[in-house]
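Chemist: Copying in the features that Swiss-Prot gives for the protein in this structure:
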type	residues	note
DISULFID	Cys73-Cys84	disulfide bond
DISULFID	Cys123-Cys131	disulfide bond
DISULFID	Cys133-Cys152	disulfide bond
DISULFID	Cys200-Cys214	disulfide bond
DISULFID	Cys202-Cys209	disulfide bond
DISULFID	Cys278-Cys309	disulfide bond
DISULFID	Cys294-Cys304	disulfide bond
DISULFID	Cys308-Cys348	disulfide bond
DISULFID	Cys324-Cys339	disulfide bond
DISULFID	Cys326-Cys336	disulfide bond
DISULFID	Cys331-Cys332	disulfide bond
CARBOHYD	Asn83	N-linked glycosylation site
CARBOHYD	Asn127	N-linked glycosylation site
CARBOHYD	Asn295	N-linked glycosylation site
LIPID	Ser206	O-palmitoleoyl serine
REGION	238-266	region 'Disordered linker'
SIGNAL	1-31	signal peptide
Amino acid sequence: MNRKARRCLGHLFLSLGMVYLRIGGFSTVVALGASIICNKIPGLAPRQRAICQSRPDAIIVIGEGSQMGLDECQFQFRNGRWNCSALGERTVFGKELKVGSREAAFTYAIIAAGVAHAITAACTQGNLSDCGCDKEKQGQYHRDEGWKWGGCSADIRYGIGFAKVFVDAREIKQNARTLMNLHNNEAGRKILEENMKLECKCHGVSGSCTTKTCWTTLPQFRELGYVLKDKYNEAVHVEPVRASRNKRPTFLKIKKPLSYRKPMDTDLVYIEKSPNYCEEDPVTGSVGTQGRACNKTAPQASGCDLMCCGRGYNTHQYARVWQCNCKFHWCCYVKCNTCSERTEMYTCK
């Protein structure tokens, strides 16, 4: 969610809070404010707008999850030509790439995972109605492993289910790009589920572990970012397959001759090759690399040779001056030397 959208929602919810205080009752707030809030959010599909109006308490959490995904995207690609800073058409709380590239695949997966992560966390913290801790993971004893369920396990199934209904509702068109988007959404959620953690606590006299209770917790989102970045590097090129009498694509297969093997559930998939992202291009969502900082000596993607696409780079020199080697003299003053340092910064032409 961009700052303008978050500020808008914040003002709307502040207004709703005032209505709540004056009239009293959450149902009144929902009745008066849900349609206002949901109509102010750009890019919602009809089903998403209906969900928003029925569950306005969840829409802020969904926005935070989407923003968390975008922030992680920018972190993971901070040193690349494409740095997730500018995307194409507007979506739920952000933008999307028009080209069905591996970058688009990563974007969909990380945002889908972010929304599911945020919903699950909000349930665990008691910040959403209709959900809480995982009730099925309470009191059951695992005799072979010597522990039982206790504490508050994160209800990942609820989080994933709610996020799936909302995020996937945007995919209205029946084409190859929709199949790609839905697959990557599911891959992001699946990877989140596979990386859930088990935490345990011992109970007993003098630090003994007579009994042990365990519960599931969400992974740090940064961990998911690294896993999905690896999936991005190994993304699978796919193509749509149409049934004999159906013009609409029905599933995706790996793009290899004489192969009808489907990608794995946790694979990121793409249908178009990535542009080089060297030049600014609104169609592909590329902001170009002109003016980007680069590393003169690094051989990786952040190195000037790769980052600047062979155009060369500018050198900027800066001088930093500060007080150093300060000593206290009796009595009573401090004497310092003046230190200076020259640094160079390189930016793409």
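In case you wondered, yes, glycine gets a Cβ from its N, Cα and C as well.
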Chemist: Quick one: what's DSSP say for Cys133 (disulfide bond), helix, strand or coil?
Modeler: strand
Chemist: If H, G and I count as helix, E and B as strand, and all else as coil, what does DSSP give for Cys304 (disulfide bond)?
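Modeler: Note: Cys304 (disulfide bond) is helical by DSSP.
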Chemist: If I take the alpha carbons of Cys209 (disulfide bond) and Cys339 (disulfide bond), what is the distance between them in whole Å?
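Modeler: One finds 58 Å between the Cα atoms of these residues.
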Chemist: With every protein chain in view, how many other Cβ atoms are within 10 Å of the Cβ of Asn83 (N-linked glycosylation site)?
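Modeler: Asn83 (N-linked glycosylation site) is surrounded by 17 other Cβ atoms within 10 Å.
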Chemist: For each of the disulfide-bonded residues (Cys73, Cys133, Cys200, Cys304), count the other CB atoms lying within 10 A of its CB, then report the residue with the highest count.
Modeler: Cys73
Chemist: Would you mind checking how many other C-beta atoms are within 10 angstroms of the C-beta on Cys294 (disulfide bond)?
Modeler: 21
Chemist: What kind of secondary structure is Cys152 (disulfide bond) part of, going by DSSP in three states?
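Modeler: Going by the DSSP assignment, Cys152 (disulfide bond) belongs to neither helix nor strand, so it counts as coil.
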Chemist: For Cys131 (disulfide bond) and Cys152 (disulfide bond), determine the Cα separation and express it in whole Å.
Modeler: 12
Chemist: Write out how many residues of the region 'Disordered linker' (238-266) are helix, how many strand and how many coil, based on DSSP.
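Modeler: Final tally across the stretch: 0 helix, 11 strand, 18 coil.
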